[in-house]
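To keep things clear, I will list the structure first and then write my remarks on it.
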Amino acid sequence: MTIDAALAEQIRRTPKAELHVHIEGTLEPELIFRLAQRNQVALPYPSVDALRAAYAFTDLQSFLDIYYAGASVLLTEEDFFDMTMDYVKRAVADNVRHAEIFFDPQTHTARGVPIGVVIDGIADALAQARTEYDFSSSLILCFLRHLSEEDAFATLEAALPYRDRFVGVGLDSSEKGNPPEKFARVFARARELGLHLVAHAGEEGPAQYVADALDILKAERIDHGVRAIDDAALVERLARERVALTVCPLSNVKLKVYPDLRDHPLKRMLDAGVAITLHSDDPAYFGGYMNANWEATFDALPLDAADAHKLARNSFEAAFLPAMQKAEFLAEVDHFWSAPPKSPPATAPAA
C-alpha cells in the first residue's frame, strides 16, 4: 500500500500525544559527538557516520548495548537539558502537543551522575518548552528490569525529593528473563505514593507478560504489548477494559520483533477495539520520530482517515492529564478531523 498525499498531509498535521519515547533514545549521533567533545569522553567510534552505521540491530539487547554507550556522554544538567530541547523541537515540528517522556536514572547514577542532575536537566528543559512552544509534558521514571528490585527501590527513594517533577514510574530494558513479577513490591510502593504505573510488556516477552503487568504490577498502560495478539482472550480483555497500548512500529521492525511493517498487528488490534496509540520509542536509533512512524505505518497497513482520527484521540485519552486539559486536546483533535482535508502543497514542475 501507499498512503495518498492528502491523508499523508493530515497525519503529519494532526495534533498528537507521544506516550512512549525514551529521552535517552532521542540522542542523535551528532549530539553524542558534541557532548563527548564537551565532556572529553572517548567514544569507540571514529565519526558520526561510523556510529550511525553501528545501528544495525539484531534484537533488543544489541540495541541496548549501543544505547547505554551513547548515554555515557550525558554528565551535566546542561547535557540533559540540551538533549531534551532537541527532542522537543522535533516533536513540535511533528505536531506533538503533549508528551509523557521516559527517563532511565539508573543508566546515569551507575556512572556517578547524581539523580538530581538527571531530573533537573530534563525537567528544566520541559518547563522552558512549555513557555516557549506551548508544549505540554510530564516525566515517567523507568526502572531497568535487568537490574534488581532492590536497585529499583533505591532509585525510587533517591528520586522522592524530586517527586513534583515526575508523574509515574515505568519498567524498561531487557524483557527476556525479567518478568513483571520481579518488580511487584516496588510498583506497589509507587502506587502507595500516588504515582501512575506503566510497564513495557509483550515486546520480546510473551502475551502472559502483558496480563502479569496488569494483574501483578497494576499497570495503567502497557508499553508495546504487541504480543497480546497471540492471546485472543487477552485482546478481548484489553478492548473491554480500555487498556491503552503504546505501540512503536518502526522500533518493532528495527529490533526484529516483526520482519516487516506489513506483518505488524496494529491494525488487527485497533479493529478489535484495543486502545492502540502510535509512538517513536527511541527515534534517534530507529530512524523515525512521530510523523515518520505514522507515515510508515499508514504506508504499510490498510489504515484510513478514521483510523488516524482514532489513533490521535486514543493518544490523548490514554494520557495522564487533568480532565479539563484532556478535554481541550480531544476537542482540538475532533475539530481537526471534522474539517475538510487541505490539499498538500503543490510540487513545483521540473525545470
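Keep in mind that glycine also has a Cβ here, set from the backbone N, Cα and C atoms.
Cross-referencing D281, D299, D304, D307 with the Zn(2+) binding residues that Swiss-Prot gives (H20, H22, H200) picks out D281. Listed in chain order, the residues near the Zn(2+) site other than H20, H22, H200, D281 are V21, G25, F102, D172, D223, H224, T246, C248, S251, H279, D282, each with its Cβ within 8 Å of the site Cβ centroid. Taking a C-beta cut-off of under 8 angstroms and a sequence separation of 6 or more, H20 (Zn(2+) binding site) has the following same-chain neighbours: F102, D223, H224, T246, V247, C248, T277, H279, S280, D281. Of all the binding-site residues listed here (H22, H200), it is H22 whose C-beta has the fewest other C-beta atoms within 10 angstroms. Following the DSSP three-state reduction, the secondary structure of H20 (Zn(2+) binding site) is strand. Ranking the recorded positions E203, D281, D282 by the number of CB atoms within 10 A of their own CB puts D281 at the top.
H200 (Zn(2+) binding site) sits 13 Å from D282 (substrate binding site), taking the Cα positions as reference.
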